[in-house]
Amino acid sequence: MRLRVVAVGRDRSGLYAPAIEEYAKRLGRYVKFELVEVPEARKHAGTAQARDEEAEALLAKLGPRERVIALDERGAEWTSVAFAERVRRWTEGGRDVALVIGGSDGLSRAVLDRAEETLALSRMTLAHRLARLVLVEQLYRAMTILRGEPYHK
């Protein structure tokens, strides 16, 4: 079973990269974790065209039987404990899970339709790289909650 974050864009600034790498390393103690990045659409593309280009790249990275969770501002919000329970349910039976983060124009209808659930990290808009960090930290927190470890207090 793999747990993956599939996201549009790369952290060019390097601002969040060290923290993301640290939480990814910690997650590796509990589950096979992978961060997959696809390129952002060309800037000259219109919003719909950009979303479609990014959708094509995102969908190509998803396995046919992989459980897909899309991050979307209209998605469900959970507490960390409720999120941990959701992660437990998603990973039951050894099925691969991919949490998908779109680009600055969001996710296309095709990606949202492929998703089994949608998740909102916050009702506030987060920078995409910050959302990636928050998600990876919450995945790590979920693993520690599920194992009764003291990280989550």
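Yeah, the Cβs are placed from backbone N, Cα and C, and that goes for glycine too.
Among the features that Swiss-Prot reports, S-adenosyl-L-methionine binding site is placed at L71, G102, L121, S122, R123, M124, T125, L126, with the record citing sequence analysis. The Cβ of L126 (S-adenosyl-L-methionine binding site) has V134 as same-chain neighbours under 8 Å, each 6 or more residues away in sequence.
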Whole-number Å value of the largest CA-CA distance among L71, G102, L121, S122, R123, M124, T125, L126, listed as S-adenosyl-L-methionine-binding: 16
